[in-house]
Amino acid sequence: MTKLLVAKVLCMVGVFFFMLLGSLLPVKVIEADLEKAHRSKKVLSLCNTFGGGVFLATCFNALLPAVRDKLQQVLSLGHISTDYPLAETLMMVGFFLTVFVEQLVLTFRRERPPFIDLETFNAGSDAGSDSEYESPFVGVGNRSHSLYPEPTAHTHGAGLRLRELGRPGPLRLLSLVFALSAHSVFEGLALGLQEEGERVVSLFVGVAIHETLVAVALGISMARSAVPLRDAAKLAVTVSAMIPVGIGLGLGIESARSVASSVASALLQGLAGGTFLFVTFLEILAKELEERSEQLLKVLFLVLGYAVLAGMVFLKW
């Protein structure tokens, strides 16, 4: 138990600093070097696809079995037996809840792109691609150099409108930070509620990769909006702290060791599993495999990410 607690605390610290660095680095060091930007875009895109494979294994090889085990424990306490796929249904409820919250946020914002969109990493694709926005960073004021080419008029689809994010003021950026924060709490909950070391490690790898890339997207949007470094640091700390907050909540629920805490753990893990489904299929795979460049290489990284985490499930930590 002590080793498990130490592992979760290390996960809290690790994810926090990964996200903080990912958020602030673009604000501090982005340069108008098109060749370097193109290379960075390709590397981030491949890392993102690798993260998609990691999340597939995390969801189906680690998190889903954990939800099944926890539900079985809860049902056995009440002497209830059923063949109904409760774990799968609970995860789908979490998935639909995440989609609903996303669309609710977008309805109030009167926008259509997904609220946690890694389209940032698909920037600079060829003309005629299905990505709507291929220019996630366009300089403001003294930062007048374009990091990526401007999007073509023929592009369509859903994407995070980073080009427009800074125009009306800070409200859109704040709404993005709020959405990212709410999303991150559930991912942190999934980590904090785990009872086995190998599941903690596999979840940590998936969350760390995905959330770091999301933090980079946030950093690019803050750089696009010419946010001062001090204000950017405040926003970055806020978002970066949400995973540790979720882990802390999960630890508190798990340490209660009561029937109510077991029920809460099963429900929250199932709902968090739905969030992972949303991230995997509607954020990562839908965006990355939509691109017409490096498709086979992305599939290779997708399989590689899955294989790495699927193998880690069999390890005992």
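Note: Cβ is positioned from N, Cα and C throughout, glycine not excepted.
The feature phosphoserine is assigned by Swiss-Prot to Ser125, Ser129. The topological domain 'Cytoplasmic' annotation in Swiss-Prot covers 25-42, 107-172, 221-232, 287-294. Marked as topological domain 'Extracellular' by Swiss-Prot: 64-85, 194-199, 254-265. Here Swiss-Prot flags 4-24, 43-63, 86-106, 173-193, 200-220, 233-253, 266-286, 295-315 as transmembrane segment.
In terms of C-beta pairs under 8 Å, the stretch of 4-24, 43-63, 86-106, 233-253, 295-315 lying closest in packing to the transmembrane segment (200-220) is 4-24. If you look at the transmembrane segment (233-253) against the transmembrane segment (4-24), you find at least three C-beta pairs under 8 angstroms, all six or more positions apart, and that counts as contact. Sequence-distant neighbours of the transmembrane segment (4-24) (same chain, 6+ residues past either end, Cβ-Cβ under 8 Å): 188, 191-192, 194-197, 200-201, 204, 207-208, 211-216, 218-219, 222, 229, 232-233, 235-237, 239-241, 243-244, 247-248, 251, 317. Ranked by the number of CB pairs under 8 Å to the transmembrane segment (43-63), the listed stretches 86-106, 266-286, 295-315 are led by 295-315.
Residues 70, 73-74, 77, 192-193, 195 of the same chain sit 6 or more residues outside the topological domain 'Extracellular' (254-265) yet have a Cβ under 8 Å from a Cβ within it.
Taken together, the residues of the topological domain 'Cytoplasmic' (287-294) have an average pLDDT of 81. Under DSSP, the residues of the topological domain 'Extracellular' (254-265) split into helix, strand and coil as follows: 9 helix, 0 strand, 3 coil.
The DSSP breakdown of the topological domain 'Extracellular' (64-85) into helical (H, G, I), extended (E, B) and coil residues amounts to 14 helix, 0 strand, 8 coil.
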